[in-house]
Every structure is written in structure tokens, then in C-alpha cells.
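Asks: I have a structure here, written as C-alpha cells, and I will follow up with some questions on it.
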């Protein structure tokens, strides 16, 4: 079997400067990825060359390209187009229950949840689909829910320069529901408050009530 050795998997490679992500030129080839999957299958105790598993490494490689496509984009680009006709709108814009799927960087288990994203414009308003794309772009990476929450909020704040930003994430973690304590039905909630939302407790209360309500 052409299985990948531990040394090959942990070989030091230079990283990009900004966030420590690997540059495209330093990422493993498709063949190396498929070999790594065969190694994992063998480590689990199965034969990666048996019928039923022979195509699995290629399928997993393609799936990883989709699950981690957030490394190929800058999610902030989704916020660059604004609507001039809405420049005079100053109340809260809230997009509730944005579904997202991410991957825990500790166990590479799925994180499945919803994001609630709000901002108080100061001359820049974007289409609501852009908020969803922003969440998805950061979610499709190896993540911590706390960091994902902060990345969404800070990017929205940096690009739109609003008077306030609020991000609330609710998610279940596969590393807790399918292993370890094996507790199903639990959800982790993280919040980020910037600007008006950080300064005004009543504004935070109103937002949380809006999220909890059916409207």
C-alpha cells in the first residue's frame, strides 16, 4: 500500500504571513491527499483497496476541496458592493438563522449551526445574501466557534464601518456529540458585540429578543 508516513505528513513547510495558512504552492498534491486517506482507512482497521473503499480517497479529496473552500477566497470581498439607495437607513439590519457548517480544528469534526448577524449602518448597506456568503466563507475552514464569531464581526466592522455590529452563533459540535462525553442536543452559543451593541445594553436586549422571536 502507498500509505503516507508520519514524517511526510508533518514535514515543515513555509506559511503565508497573514494568518499562518499554507500558500497554494505549499499544499499537498491530490495524489498525496488520496494516499493520506488510505492511511486513515488502514489505521481504522479496514482495507483501502477493497471494493466499496477503492474510490473513497478520491471522493474524500473532492469533498475536502468543498468543505475547506474558504481558504481559496477572501470573505471580505462579498461586502465591497453596497446599495447607494439605502444610504439613509440607520436602524438595525438583522439576518437571522443563517445556516452554516464548519469543521472543528481540534478533532476535524463537524460544527453545525446557525448565525445571526446584525449591523447598524452608517452610509453603507449590503445585500442580505452577502451576509450569508460572509458567514459561509469563514465557516469553510478549520475553525473554533469563538474565532469564527469574531472574524465575521470584525470583517463586517472593518469593511462597512457601521455604528455597531452584533454576531451570535449557535452550533452543535461533533467532537462532543459523537465522541468523548457523547452528549447530543447541546448547543454552544458565542457572541460578538462592537460599537453601539457593545455600549448599549438595551440595544443588545432588543436584538436578542428579535433573534428569539419568530419574526
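Every residue, even glycine, has its Cβ placed from backbone N, Cα and C.
TrEMBL: automatically predicted annotations, no manual curation.
As listed in TrEMBL for this protein:
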type	residues	note
BINDING	104, 107, 175	Zn(2+) binding site
DOMAIN	33-211	domain 'GTP cyclohydrolase I'
Asks: On average, what pLDDT score does this prediction assign to the domain 'GTP cyclohydrolase I' (33-211)?
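Replies: Taking every residue in the domain 'GTP cyclohydrolase I' (33-211) and averaging pLDDT yields 94.
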Asks: According to DSSP, which kind of secondary structure is residue 107 (Zn(2+) binding site) found in, if we only use helix, strand and coil?
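Replies: It is coil.
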Asks: DSSP on residue 175 (Zn(2+) binding site), three-state: which is it?
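Replies: Looking at the DSSP assignment, residue 175 (Zn(2+) binding site) belongs to a helix.
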Asks: So how many other Cβ atoms are close to residue 175 (Zn(2+) binding site), meaning within 10 Å of its Cβ?
Replies: 16
Asks: Specify all same-chain residues, apart from the site residues 104, 107, 175, whose Cβ lies within 8 angstroms of the center of the Cβ atoms of the Zn(2+) site, ordered by sequence.
Replies: 103, 105, 106, 108, 109, 111, 173, 174, 176, 179
Asks: Given the binding-site residues 104, 107, which one is most crowded in terms of C-beta atoms within 10 angstroms?
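Replies: Top count of Cβ atoms within 10 Å goes to 104.
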